[in-house]
């Protein structure tokens, strides 16, 4: 029996207690944004779309600086050697009836369309998040906003934008204003619903019991947990506003005649679909690539921003 116990004891080593080592945490420190980046860049499709989106943005905002493109310039209209040239090494996207490079026109138009979309998204999202958060925690404000929402939400937003554009006239900032007049309402209602879910959780009930001000509770206890939801809304708004601009420009509403945009180019070259299809399909393709890349990158970033996916 003693020999058996001796053999068992020989196979084990007693562990000594080190008070200093026991205080150290060996688990890697959790970083929210590092986890977001790791989750996002693990998606190969998102990486490809991010590269594509970056290339389009760079071309849209840098190329027009060097080209000096003028939408109303017709100085080459009588030079038949420059008219209706198909895509080539000299003219990458070809030329139109005025002898103007479609390559320059597309990127100048993309700059306008993307700028309108980004500015309108920033304005509507900011207003929507702030008012939506207040809407979700204030019962008095909730009653007023619900009545406003019930009235405005029954009118198509596109119709409101068209009416506002006709009322205030064509122009870059007038179009953005028309988009933002009611564009903030849908994000605000969406945030309101999420805030109402979050406000009744245990830690927020405890904060209210301890007398935490509502503003502090909104910005410290609620909004940080809605990051993925806000990013999701942004990823939907960007392509939506580009679509609005394209449709309105196609109708001849919204922008001034001297401002190029993808919608205006598509409208202008619709009649060339049969004889010179590249004039129509190249702007359409660029528009599709912009919208798809923005949406996919935004949706992937929204998924990555959700802490539940970091497990």
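Placement of Cβ uses the backbone N, Cα and C atoms for every residue, glycine included.
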Which listed span TrEMBL calls transmembrane segment, if the choices are 172-191, 192-211, 212-231: 172-191
Which listed span TrEMBL calls transmembrane segment, if the choices are 25-45, 46-66, 67-87: 46-66
Contact set, same chain, for the transmembrane segment (46-66): CB under 8 Å, 6 or more residues outside the stretch: 40, 104, 107-108, 110-111, 114, 286, 289-290, 292-294, 296-297, 300-301
Contact set, same chain, for the transmembrane segment (172-191): CB under 8 Å, 6 or more residues outside the stretch: 112, 116, 119-120, 123-125, 127-129, 131-133, 135-136, 145, 148-149, 152-153, 155, 157, 160-161, 164-165, 226, 229-230, 233, 237, 241, 244-245, 248, 254-256, 259
Outside the transmembrane segment (114-136), six or more residues from its ends: residues with CB under 8 Å to it: 57, 60, 142, 145, 172, 175-176, 179-180, 183-196, 198-199, 218-219, 222-223, 230, 233-234, 237-239, 241-242, 245, 261, 290
